[in-house]
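J.: Pasting a structure below so you can have a look.
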Amino acid sequence: MTEPGSDLPTGQPFEHLWTPYRMAYIRGEGKPTGAHDCPFCVIPTMPDDEGLIVARGSTVFAVLNLYPYNAGHLMVVPYRHVPDYTDLTAEEVAELGDFTQTAMRTIRAVAGAHGFNIGMNQGSVAGAGIADHLHQHTVPRWGGDTNFMPVVGLTRVLPQVLRETRDLLAAAWPDHAVPAAPTTHPSTRAEA
Ligand SMILES: [Zn+2]
């Protein structure tokens, strides 16, 4: 993937850091071969640290992407195996929105993200890698996309980086959850 003699002093470590998983992805490892091994159905059955789950809601969960486009790239996924945004119930839409807000707050707090790309690819033709199970991407962006993770990555193997990232985000998540914990914004919790 890296051109011989690459003259990108900062890009090269980044390339080395992320290439192994992308190569595994290209080779098809971990890609689902049928409904039964849909990764988004399997992940919630795993312990949080093994599944890289950052937080669990009642209808959706947040999980780090094993093939990240950027450090902290996570996805908000409904537990139900449905392909299309129009398949979601009102409750699922609401919690997916809540989790997306919380993900943004948490990543800003933990890693100082400058911006985000948020969205979902609907259908293989639109670029969905796992088209049968809806997932919304939240990809943090930094100016120049340089941040603390590539630096950490120089001394860590990527699976460990992902686990450490998960630990950081999971620990900070409750402080930024929507609706906020009662102790956080008691004045905003209107009584019906
Ligand atoms: Zn599924």
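We count from 1, first residue shown onward.
Including glycine, each Cβ sits where the backbone N, Cα and C put it.
Not measured: the values here are computed from a predicted model.
In case it helps, TrEMBL gives these features for our protein:
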- HIS135: active site, tele-AMP-histidine intermediate (ACT_SITE)
- ASN65, HIS137: substrate binding site (BINDING)
- 39-148: domain 'HIT' (DOMAIN)
- 133-137: motif 'Histidine triad motif' (MOTIF)
J.: Sort out the residues at least 6 away from either end of the motif 'Histidine triad motif' (133-137), same chain, that have Cβ-Cβ distances under 8 Å to it, and list them.
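T.: Distant Cβ neighbours of the motif 'Histidine triad motif' (133-137) are 38-41, 65, 69, 73-78, 81-85, 87-88, 96, 100, 117-121.
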J.: Provide, as an integer number of angstrom, the distance between the C-alpha atoms of the residue listed as 'active site, tele-AMP-histidine intermediate' and ASN65 (substrate binding site).
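T.: Given the Cα positions, the residue listed as 'active site, tele-AMP-histidine intermediate' is 10 Å from ASN65 (substrate binding site).
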J.: Report, as a single number, how many Cβ atoms besides its own are within 10 Å of the Cβ of the residue listed as 'active site, tele-AMP-histidine intermediate'.
T.: 21
